[in-house]
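Taken from Swiss-Prot, the feature [4Fe-4S] cluster 1 binding site applies to CYS25, CYS61, CYS90, supported by sequence analysis. The annotation [4Fe-4S] cluster 2 binding site is assigned in Swiss-Prot to CYS157, CYS161, CYS164. Among the features that Swiss-Prot reports, domain 'MTTase N-terminal' is placed at 16-126. Sequence annotations record features per position, and here Swiss-Prot assigns domain 'Radical SAM core' to 143-380 based on sequence analysis. Positions annotated as domain 'TRAM' by Swiss-Prot: 383-448.
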Amino acid sequence: MTATASPSDTKGAAAPRISFVSLGCPKALVDSERILTHLRAEGYELSRRHDGADVVIVNTCGFLDSAKAESLAAIGEAMAENGRVIVTGCMGAQPEEIREKYPNLLAVTGPQAYESVVAAVHEAVPPAHDPFLDLIPPQGVKLTPRHYAYLKISEGCNNRCTFCIIPSLRGDLVSRPAGDVLREAEKLVKAGVKELLVVSQDTSAYGIDTRYASSPWQDREVRARFYDLAKELGELGAWVRLHYVYPYPHVDEVIPLMAEGKILPYLDMPLQHASPSVLKRMRRPGNQEKQLDRIRRWREICPDLAIRSTFIVGFPGETDAEFEELLDWIREARLERVGCFEYEPVRGATANDLGLLVPPEVKAERKRRFMEAQSHVSLRLQRAKVGKRLSVIIDEAGPTGARGRSKADAPEIDGSVHVTSRRPVRPGDIVTVKIERADAYDLHGIAV
């Protein structure tokens, strides 16, 4: 995900201007929004162009080498167009790698270093306080469209997956108090947000680090616990979509909330593989045979449930037989939304030492076969929706048509619903659409 801050409508000749680039995952986007909210509160304006700004901030991603390359390219572009650049984010946890290529940066900070970023901005271009510039909306600055927002409930992760370096970049799990999360969510909904996308490194582990401590919300105490938070969010009147949910046993508890319509019938659950031996090398939870049984039970409780997952092919030492286990599993699981990635060595990840690396051409072929198998599953599931009426949230609208998403589709990572409408629709509208045609990823229909 790449996001660039849009300028505000506020005018002020003395206000210093910031250009901002946000790279990486939705969690990083929330970090960017927090930094921008702080700076806007101090009177800084936002610039669409690097060459029109007093300083450029680049929030980097450092998870994969390809992400690092994208981050370094973004820094280079900012240096070429402006020259006064502050770097933050996950790649900032390895400053020597950045400084080696760009020694003249104003500052390099790691992830979650909000105060350090703001301090670096102050040093580069002090704020020009103005009572008219210092006003910001109560929901803060958002880099998403107005009708949806990411809601980060925790930081860090207690898992030690062998392919991942997130704990070394962002630390162990730190959960926000439930009351704080709910107050932020309420502000977003009051500001017009129709869809809350709950994110973290490990959403279903929420509150474990605090022993599920309670905090005040309205006239009662609410525990920092996965189910309790989901239930309370479901009372706010917006779509609530759960992301990055690990398959812990207590995930079963939220399925009835989905069946009751309290939260969306959607689970983003990164399973990564299906072969027991590969999962063991990954240090990933879950017995996939038992997981199939759980998925069946979930669908009995909530027939409309859509499960999204991601998988890695070409993990070190992955054999043909282990890959075939994965193919057999996805055919049987019939997941609604699936992504696939070729394993990419990450500096510092213990997976690099696990076994023989799978050749690039083999990884590419396995990904092709995986996505081909999943496309057949997806097409059957999508065609079953033809003739049905679905609720669709509109993302983009034109004179005679629009593009939106059903309850089974998250922004940017899932498919779309292409809508023909005889009446005007706007982004953020939730309309009923009769589905007339389907392909493997998108649906087509008419607003009714």
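Glycine too: its Cβ is placed from the backbone N, Cα and C atoms.
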Seminar exercise, completed: binding-site residues considered: CYS25, CYS90, CYS164; fewest surrounding Cβ atoms within 10 Å belongs to CYS25
Problem set entry | Residue pair CYS61 ([4Fe-4S] cluster 1 binding site), CYS164 ([4Fe-4S] cluster 2 binding site) - Cα distance, angstrom, rounded | 13
Seminar exercise, completed: Cβ proximity for CYS157 ([4Fe-4S] cluster 2 binding site), under 8 A, sequence spacing 6+, ordered by residue number, returns CYS164, ILE166, PRO167, ARG170, ASP172, LEU173, GLN201, ASP202, ALA205
Exercise. What's the CA-CA gap between CYS90 ([4Fe-4S] cluster 1 binding site) and CYS161 ([4Fe-4S] cluster 2 binding site) in angstrom, rounded?
Worked result: 17
Exercise. Where CYS25 ([4Fe-4S] cluster 1 binding site) and CYS161 ([4Fe-4S] cluster 2 binding site) are concerned, what is their Cα separation in Å, rounded?
Worked result: 18
For this session: Inside 10 Å of the Cβ of CYS61 ([4Fe-4S] cluster 1 binding site), count up the other Cβ atoms and send me the figure.
Result: 23
Exercise. Which residues in the same chain, at least 6 apart in sequence, have a Cβ under 8 Å from the Cβ of CYS161 ([4Fe-4S] cluster 2 binding site)?
Worked result: GLN272, MET282, ARG283, ARG284
Exercise. Quick one: DSSP breakdown of the domain 'MTTase N-terminal' (16-126) into helix, strand and coil?
Worked result: 58 helix, 22 strand, 31 coil
Exercise. From the centroid of the CB atoms of CYS157, CYS161, CYS164, the recorded [4Fe-4S] cluster 2 site, which same-chain residues not already listed sit within 8 A by their CB, in sequence order?
Worked result: ASN159, ARG160, PHE163, ILE165, ILE166, PRO167, GLN201
Exercise. Taking the centroid of the Cβ atoms of CYS25, CYS61, CYS90 ([4Fe-4S] cluster 1 site), which other same-chain residues have Cβ within 8 Å of it?
Worked result: LEU23, GLY24, LYS27, ALA28, THR60, GLY62, PHE63, ALA67, GLY89, MET91, PRO111
